[in-house]
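One structure is given below, encoded as structure tokens.
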Amino acid sequence: MNFSVKPMRFLADTLAQPNETPAREQLLPDGTTLRLLDTGLLRVSPSQPGTHRVLISCGIHGNETAPMEIVDAIVGDIVAGELTVNNELLIVIGNPPAAVAAERFIEENLNRLFSGKHQSSRSLESLRAAQIEQVTEAFFTAGDEPRLHYDLHTAIRGSQIEKFAVYPYLHSRTWSAPQIGFLEQCGIEAVLFSKQPSGTYSYHTSHLHEADSFTIELGKVRQFGDNDMTNFSAISAGLRRVIAGQELFKQTPKSIKLFAVVEEVIKRSEAFQLHIPAEAKNFTEYPKGSLLASDEGYEYRTQQDGERFVFPITNVPPGQRAMLVVAPTELDPID
Ligand SMILES: [Zn+2]
């Protein structure tokens with residue numbers, strides 16, 4: 001381990017050595033330890049145990065720059081002594097080689113490879129998913145504190161609802177009203193409840209580690225340097241409160257919109273077609289009976305007024321998700 005005196009520049013160092021970064025450690029004057037485990041994998045430990053174990057990930061898709069810049073500013077403030085760390089923290093930049101290439105991925109979509117789905121291929125992203133799973137497990141199992149995971153993204157397509165979170169499928173667990181209240185305070189306008197398991201990082205940590213986990217979409221993809229960081233001040237402030245141990249998760253949801261996934265449209269064959277305009281925004285609303293997608297022996301027509309599509313994409317391999325269809329829902333607060 002290299003006890004370097006040169007301060008850590010997390011994002012710059014990661015992009016400079018995207019495939020492998022020598023492990024190094026930095027001790028701050030207040031006793032906080034930063035340990036760079038490998039490229040884009042940073043553990044931060046306060047001198048005293050905290051109340052939560054907090055995982056913040058970004059760059060799972062390499063071209064989604066704003067979340068990486070948000071996280072880099074947080075690490076910069078920790079290193080500078082301007083943000084006190086009072087909870088165990090793991091920060092992940094998911095796909096550094098793709099970030100350098102300014103691409104969503106190099107070989108395949110990293111966010112379809114978690115929960116062991118990486119075992120069926122030897123792509124760059126599969127190896128990375130396996131490594132991230134290992135580091136995540138070591139982090140979450142090192143203590144008994146409640147586990148949190150915020151996986152930050154931006155979207156390819158414009159959206160009628162700019163900032164929203166996806167709540168992974170919970171199986172028999174119940175959803176957390178305080179977490180949704182916290183997201184609302186972070187400027188998140190809507191939450192989508194998934195209805196089945198998936199290969200996403202947030203589903204993995206939710207299901208295997210019973211973390212309160214979310215995929216968080218923060219707006220439209222832009223290049224490094226083109227992001228208006230004032231647009232992310234609420235989420236940035238929220239994450240900083242969590243890191244500093246100041247967030248008490250006492251907020252109940254007020255006006256945040258809730259949507260249930262009513263259909264996960266899977267591309268079955270190369271005959272798959274979307275019947276929505278290329279420029280249509282996520283969350284565009286359709287009346288009952290509208291044809292949204294078709295494939296060999298399949299079509300999806302909206303089942304009720306007010307259904308909306310999210311994340312439509314046609315250039316995925318058959319067998320992968322091509323679109324989500326969601327509808328407004330109300331859930332009884334349970335947690
Ligand atoms: Zn993404």
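A Cβ is built for glycine as well, from the same backbone N, Cα and C atoms used for every other residue.
These numbers come from a predicted model, not from an experiment.
Annotated Zn(2+) binding in TrEMBL involves His61, Glu64 plus, out of the candidates His118, His149, His153, the residue His153. Proximity of His153 (Zn(2+) binding site) to non-local residues of its own chain (separation of 6 or more, Cβ distance below 8 Å) is seen for Cys58, Ile60, His61, Glu64, Pro67, Thr215, Ile216, Glu217, Leu218, given in sequence order. In the three-state DSSP classification, His61 (Zn(2+) binding site) falls within coil. Averaged over the domain 'Succinylglutamate desuccinylase/Aspartoacylase catalytic' (52-242), the predicted model has a pLDDT of 96.
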